[in-house]
Amino acid sequence: MKKFFIAIIMVLVPMVASASSGGVHLDSMDADPTNHASLQRGMKTFVNHCMGCHSANYQRFDRAANDIGMPVELMAENLIFGDQKSGEQMTIAMPQVDAAKWFGTAPPDLTLETRLRGEDWIYTYLRSFYKDPARPWGVNNTVFPDVGMPNVLEGLQGVQMNHCSPEELAHQKSEIDPLTGLQIGGCLTISEKGSQSVEEFDKTVYDLVNFMSYMGNPVKLESQAIGFKVLIFLAIFFVFAFLLKKEYWKDVH
Ligand code: HEC
(Lines of atoms letter the chains of each structure in order from A and count residues from 1; the text may use other names and numbers.)
(Lines give C-alpha, C1' and ligand atoms only; values in the text may rest on other atoms or scores of the structure.)
Protein backbone atom coordinates (compact mmCIF):
# COMPACT_ATOMS: atom_id res chain seq x y z
CA MET A 1 0.00 0.00 0.00
CA LYS A 2 2.85 2.35 0.94
CA LYS A 3 4.51 1.67 -2.41
CA PHE A 4 1.23 2.43 -4.16
CA PHE A 5 1.03 5.86 -2.49
CA ILE A 6 4.66 6.63 -3.32
CA ALA A 7 3.98 5.74 -6.96
CA ILE A 8 0.90 7.99 -7.03
CA ILE A 9 2.89 10.89 -5.54
CA MET A 10 5.67 10.38 -8.10
CA VAL A 11 3.12 10.56 -10.91
CA LEU A 12 1.30 13.60 -9.52
CA VAL A 13 4.22 15.79 -8.41
CA PRO A 14 5.60 16.52 -11.91
CA MET A 15 2.05 17.34 -13.09
CA VAL A 16 1.65 19.91 -10.32
CA ALA A 17 5.15 21.28 -10.92
CA SER A 18 4.64 21.77 -14.65
CA ALA A 19 1.30 23.46 -14.10
CA SER A 20 2.71 25.83 -11.50
CA SER A 21 2.94 29.53 -12.27
CA GLY A 22 3.50 30.89 -8.81
CA GLY A 23 -0.25 31.45 -8.50
CA VAL A 24 -0.44 33.98 -11.33
CA HIS A 25 -3.21 33.59 -13.90
CA LEU A 26 -1.84 32.30 -17.22
CA ASP A 27 -3.41 33.12 -20.57
CA SER A 28 -3.77 29.97 -22.60
CA MET A 29 -2.74 29.36 -26.18
CA ASP A 30 -3.01 26.35 -28.47
CA ALA A 31 0.15 25.70 -30.44
CA ASP A 32 -0.55 24.71 -34.04
CA PRO A 33 2.35 22.85 -35.70
CA THR A 34 0.45 22.74 -39.01
CA ASN A 35 0.32 26.55 -39.32
CA HIS A 36 3.47 27.14 -41.38
CA ALA A 37 2.93 30.88 -41.83
CA SER A 38 2.76 31.34 -38.04
CA LEU A 39 5.85 29.16 -37.48
CA GLN A 40 7.80 31.11 -40.09
CA ARG A 41 6.90 34.45 -38.49
CA GLY A 42 7.79 32.93 -35.11
CA MET A 43 11.22 31.81 -36.30
CA LYS A 44 11.87 35.30 -37.68
CA THR A 45 10.98 36.88 -34.32
CA PHE A 46 13.04 34.30 -32.44
CA VAL A 47 16.14 34.87 -34.55
CA ASN A 48 15.77 38.67 -34.53
CA HIS A 49 14.80 39.27 -30.92
CA CYS A 50 15.93 36.31 -28.82
CA MET A 51 19.13 34.92 -30.31
CA GLY A 52 21.15 37.93 -29.20
CA CYS A 53 21.18 36.21 -25.79
CA HIS A 54 19.51 32.79 -26.03
CA SER A 55 20.78 29.85 -28.05
CA ALA A 56 18.75 26.95 -29.42
CA ASN A 57 21.66 24.51 -29.39
CA TYR A 58 19.60 21.41 -30.17
CA GLN A 59 17.88 22.83 -33.23
CA ARG A 60 19.47 22.96 -36.67
CA PHE A 61 18.64 25.88 -38.98
CA ASP A 62 17.93 23.76 -42.07
CA ARG A 63 15.84 21.21 -40.19
CA ALA A 64 13.64 24.03 -38.88
CA ALA A 65 13.34 25.57 -42.36
CA ASN A 66 12.36 22.22 -43.89
CA ASP A 67 9.86 21.40 -41.16
CA ILE A 68 8.10 24.76 -41.31
CA GLY A 69 7.96 24.94 -45.09
CA MET A 70 10.60 27.59 -45.76
CA PRO A 71 13.14 27.18 -48.60
CA VAL A 72 16.54 26.60 -46.95
CA GLU A 73 18.36 29.19 -49.13
CA LEU A 74 15.79 31.87 -48.28
CA MET A 75 16.11 31.06 -44.57
CA ALA A 76 19.93 31.12 -44.75
CA GLU A 77 19.90 34.50 -46.50
CA ASN A 78 17.48 36.16 -44.11
CA LEU A 79 17.72 34.41 -40.77
CA ILE A 80 21.37 33.43 -40.25
CA PHE A 81 23.30 36.46 -39.01
CA GLY A 82 26.45 34.72 -37.77
CA ASP A 83 28.93 32.73 -39.88
CA GLN A 84 27.03 29.47 -39.39
CA LYS A 85 26.13 27.18 -42.27
CA SER A 86 22.48 26.26 -42.76
CA GLY A 87 23.15 22.71 -41.52
CA GLU A 88 24.49 23.91 -38.17
CA GLN A 89 22.79 24.32 -34.81
CA MET A 90 21.23 27.62 -33.76
CA THR A 91 24.09 28.58 -31.45
CA ILE A 92 25.08 32.09 -30.33
CA ALA A 93 28.42 33.78 -29.80
CA MET A 94 27.77 35.24 -26.33
CA PRO A 95 29.93 33.41 -23.76
CA GLN A 96 27.84 32.03 -20.87
CA VAL A 97 30.32 33.29 -18.25
CA ASP A 98 30.11 36.91 -19.46
CA ALA A 99 26.34 36.67 -19.84
CA ALA A 100 26.05 35.52 -16.21
CA LYS A 101 28.10 38.57 -15.15
CA TRP A 102 25.96 41.00 -17.18
CA PHE A 103 22.53 39.65 -16.34
CA GLY A 104 23.06 37.95 -12.97
CA THR A 105 21.98 34.66 -14.60
CA ALA A 106 23.05 33.35 -17.97
CA PRO A 107 20.12 33.31 -20.45
CA PRO A 108 19.20 29.62 -20.74
CA ASP A 109 19.07 27.65 -23.97
CA LEU A 110 15.51 27.81 -25.30
CA THR A 111 15.27 24.71 -27.52
CA LEU A 112 13.29 22.76 -24.94
CA GLU A 113 11.85 25.69 -22.99
CA THR A 114 8.23 24.88 -23.88
CA ARG A 115 8.77 21.39 -22.46
CA LEU A 116 10.02 22.93 -19.21
CA ARG A 117 7.52 25.75 -18.70
CA GLY A 118 4.68 24.97 -21.08
CA GLU A 119 3.38 27.21 -23.89
CA ASP A 120 0.90 29.11 -21.69
CA TRP A 121 3.61 30.16 -19.25
CA ILE A 122 5.93 31.54 -21.96
CA TYR A 123 3.03 33.17 -23.83
CA THR A 124 1.97 34.99 -20.66
CA TYR A 125 5.52 35.71 -19.48
CA LEU A 126 6.56 37.50 -22.69
CA ARG A 127 3.46 39.74 -22.47
CA SER A 128 3.79 40.48 -18.73
CA PHE A 129 6.78 42.78 -18.39
CA TYR A 130 5.96 46.03 -16.62
CA LYS A 131 7.82 49.21 -15.72
CA ASP A 132 9.68 48.98 -12.39
CA PRO A 133 12.45 51.55 -11.92
CA ALA A 134 13.78 49.58 -8.93
CA ARG A 135 14.98 46.75 -11.19
CA PRO A 136 18.33 46.86 -13.07
CA TRP A 137 16.64 46.86 -16.52
CA GLY A 138 13.77 49.09 -15.41
CA VAL A 139 11.26 46.25 -15.82
CA ASN A 140 9.79 43.49 -13.72
CA ASN A 141 7.52 40.60 -14.66
CA THR A 142 4.29 39.41 -13.06
CA VAL A 143 4.87 35.78 -14.05
CA PHE A 144 8.60 35.73 -13.20
CA PRO A 145 9.13 38.26 -10.37
CA ASP A 146 12.53 40.01 -10.32
CA VAL A 147 13.50 38.46 -13.64
CA GLY A 148 17.00 39.16 -14.99
CA MET A 149 15.81 39.57 -18.59
CA PRO A 150 15.14 43.01 -20.10
CA ASN A 151 11.83 43.53 -21.96
CA VAL A 152 13.27 42.92 -25.40
CA LEU A 153 9.90 43.25 -27.13
CA GLU A 154 9.12 46.68 -25.59
CA GLY A 155 9.50 48.44 -28.94
CA LEU A 156 6.63 46.32 -30.30
CA GLN A 157 4.45 46.13 -27.21
CA GLY A 158 5.04 49.52 -25.57
CA VAL A 159 5.49 50.16 -21.85
CA GLN A 160 3.15 48.45 -19.38
CA MET A 161 2.18 49.47 -15.84
CA ASN A 162 1.13 47.05 -13.11
CA HIS A 163 -1.71 48.14 -10.78
CA CYS A 164 -2.04 45.01 -8.67
CA SER A 165 -0.52 43.37 -5.61
CA PRO A 166 0.69 39.75 -5.98
CA GLU A 167 -2.61 38.48 -4.47
CA GLU A 168 -4.67 40.48 -6.94
CA LEU A 169 -2.47 39.26 -9.79
CA ALA A 170 -3.51 35.69 -9.09
CA HIS A 171 -7.10 36.58 -9.96
CA GLN A 172 -6.57 39.06 -12.77
CA LYS A 173 -8.71 38.86 -15.85
CA SER A 174 -8.47 41.25 -18.73
CA GLU A 175 -10.01 41.86 -22.08
CA ILE A 176 -9.31 44.04 -25.07
CA ASP A 177 -11.38 47.19 -25.57
CA PRO A 178 -12.80 46.87 -29.11
CA LEU A 179 -12.75 50.65 -29.59
CA THR A 180 -9.20 51.53 -28.58
CA GLY A 181 -7.54 48.12 -29.01
CA LEU A 182 -6.07 48.57 -25.51
CA GLN A 183 -6.27 46.15 -22.63
CA ILE A 184 -8.89 46.91 -19.97
CA GLY A 185 -9.73 45.47 -16.58
CA GLY A 186 -6.46 43.62 -16.05
CA CYS A 187 -3.55 44.38 -13.75
CA LEU A 188 -1.34 45.44 -16.63
CA THR A 189 -2.16 48.36 -18.89
CA ILE A 190 -0.18 49.95 -21.68
CA SER A 191 1.00 53.43 -20.71
CA GLU A 192 3.10 54.15 -23.80
CA LYS A 193 2.11 52.60 -27.08
CA GLY A 194 4.56 50.45 -29.01
CA SER A 195 4.65 49.86 -32.75
CA GLN A 196 1.99 47.12 -32.52
CA SER A 197 -1.55 47.11 -31.12
CA VAL A 198 -2.37 44.73 -28.25
CA GLU A 199 -3.92 42.25 -30.68
CA GLU A 200 -1.00 42.41 -33.10
CA PHE A 201 1.46 41.96 -30.26
CA ASP A 202 -0.47 38.97 -28.87
CA LYS A 203 -0.27 37.44 -32.34
CA THR A 204 3.48 38.12 -32.62
CA VAL A 205 4.03 36.40 -29.27
CA TYR A 206 1.67 33.56 -30.24
CA ASP A 207 3.71 32.94 -33.42
CA LEU A 208 6.96 33.10 -31.45
CA VAL A 209 5.78 30.60 -28.81
CA ASN A 210 4.31 28.43 -31.57
CA PHE A 211 7.80 28.23 -33.08
CA MET A 212 9.32 27.50 -29.66
CA SER A 213 6.73 24.77 -29.20
CA TYR A 214 7.80 23.27 -32.54
CA MET A 215 11.45 23.29 -31.35
CA GLY A 216 10.46 21.56 -28.12
CA ASN A 217 8.80 18.74 -30.05
CA PRO A 218 9.75 18.82 -33.74
CA VAL A 219 8.26 15.39 -34.45
CA LYS A 220 4.81 16.08 -33.00
CA LEU A 221 3.01 15.73 -36.34
CA GLU A 222 4.91 12.54 -37.24
CA SER A 223 4.13 11.07 -33.80
CA GLN A 224 0.44 11.82 -34.26
CA ALA A 225 0.43 10.27 -37.75
CA ILE A 226 2.23 7.15 -36.50
CA GLY A 227 -0.11 6.95 -33.50
CA PHE A 228 -3.09 6.94 -35.86
CA LYS A 229 -1.58 4.13 -37.98
CA VAL A 230 -0.82 2.11 -34.84
CA LEU A 231 -4.47 2.42 -33.77
CA ILE A 232 -5.65 1.18 -37.18
CA PHE A 233 -3.20 -1.71 -36.94
CA LEU A 234 -4.47 -2.58 -33.46
CA ALA A 235 -8.08 -2.48 -34.64
CA ILE A 236 -7.33 -4.94 -37.49
CA PHE A 237 -5.09 -7.07 -35.28
CA PHE A 238 -7.86 -7.26 -32.68
CA VAL A 239 -10.07 -9.21 -35.13
CA PHE A 240 -7.41 -11.88 -35.62
CA ALA A 241 -6.53 -12.00 -31.93
CA PHE A 242 -10.22 -12.41 -31.10
CA LEU A 243 -10.70 -15.20 -33.66
CA LEU A 244 -7.57 -16.97 -32.37
CA LYS A 245 -8.79 -16.70 -28.80
CA LYS A 246 -12.12 -18.22 -29.82
CA GLU A 247 -10.32 -21.06 -31.57
CA TYR A 248 -8.16 -21.85 -28.50
CA TRP A 249 -11.05 -21.75 -26.04
CA LYS A 250 -13.44 -23.74 -28.27
CA ASP A 251 -12.46 -27.09 -26.77
CA VAL A 252 -12.22 -25.86 -23.17
CA HIS A 253 -15.92 -25.10 -22.73
C1 HEC B 1 19.38 40.87 -23.64
C2 HEC B 1 19.40 39.44 -23.45
C3 HEC B 1 18.12 38.67 -23.66
C4 HEC B 1 17.33 38.64 -24.78
C5 HEC B 1 17.53 39.37 -26.09
C6 HEC B 1 16.25 37.71 -24.50
N7 HEC B 1 16.40 37.19 -23.24
FE8 HEC B 1 15.22 35.80 -22.38
N9 HEC B 1 16.36 35.82 -20.72
C10 HEC B 1 17.50 36.58 -20.54
C11 HEC B 1 18.04 36.32 -19.22
C12 HEC B 1 19.29 36.96 -18.63
C13 HEC B 1 17.20 35.37 -18.62
C14 HEC B 1 17.34 34.75 -17.24
C15 HEC B 1 16.46 35.50 -16.30
C16 HEC B 1 16.52 35.02 -14.88
O17 HEC B 1 16.69 33.81 -14.65
O18 HEC B 1 16.33 35.88 -14.01
C19 HEC B 1 16.15 35.08 -19.59
C20 HEC B 1 15.10 34.22 -19.34
C21 HEC B 1 14.16 33.84 -20.28
C22 HEC B 1 13.11 32.87 -20.06
C23 HEC B 1 12.84 32.12 -18.78
C24 HEC B 1 13.79 30.99 -18.66
C25 HEC B 1 13.48 30.11 -17.49
O26 HEC B 1 12.78 29.10 -17.70
O27 HEC B 1 13.90 30.43 -16.39
C28 HEC B 1 12.41 32.76 -21.23
C29 HEC B 1 11.23 31.85 -21.53
C30 HEC B 1 13.01 33.68 -22.15
N31 HEC B 1 14.07 34.32 -21.55
C32 HEC B 1 12.56 33.86 -23.45
C33 HEC B 1 13.07 34.81 -24.30
C34 HEC B 1 12.53 35.04 -25.62
C35 HEC B 1 11.40 34.26 -26.26
C36 HEC B 1 13.26 36.05 -26.16
C37 HEC B 1 13.03 36.71 -27.50
C38 HEC B 1 11.78 37.42 -27.64
C39 HEC B 1 14.27 36.44 -25.19
N40 HEC B 1 14.12 35.67 -24.06
C41 HEC B 1 15.23 37.42 -25.39
C42 HEC B 1 18.04 37.47 -21.45
C43 HEC B 1 17.53 37.74 -22.70
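Using the three backbone atoms N, Cα and C, a Cβ is placed for every residue, glycine included.
Residues or ranges marked as signal peptide by TrEMBL: 1-19.
In the predicted structure, the domain 'Cytochrome c' (37-180) carries a mean pLDDT of 93. Residues or ranges marked as domain 'Cytochrome c' in TrEMBL: 37-180.
The annotation heme c binding site is assigned in TrEMBL to Cys50, Cys53, His54. Long-range Cβ contacts of His54 (heme c binding site) within its own chain (separation 6+, distance under 8 Å): Ile92, Pro107, Pro108, Asp109, Leu110.
Under the heading transmembrane segment, TrEMBL lists 226-244.
DSSP assigns Cys50 (heme c binding site) to a helix. Least crowded of the binding-site residues (Cys50, Cys53), judged by neighbouring Cβ atoms within 10 Å of its own Cβ: Cys53.
One way to see the shell of the heme c site is to take the Cβ centroid of Cys50, Cys53, His54; the remaining same-chain residues with a Cβ within 8 Å of it are His49, Met51, Gly52, Ser55, Ile92, Pro107, Leu110, Val152.
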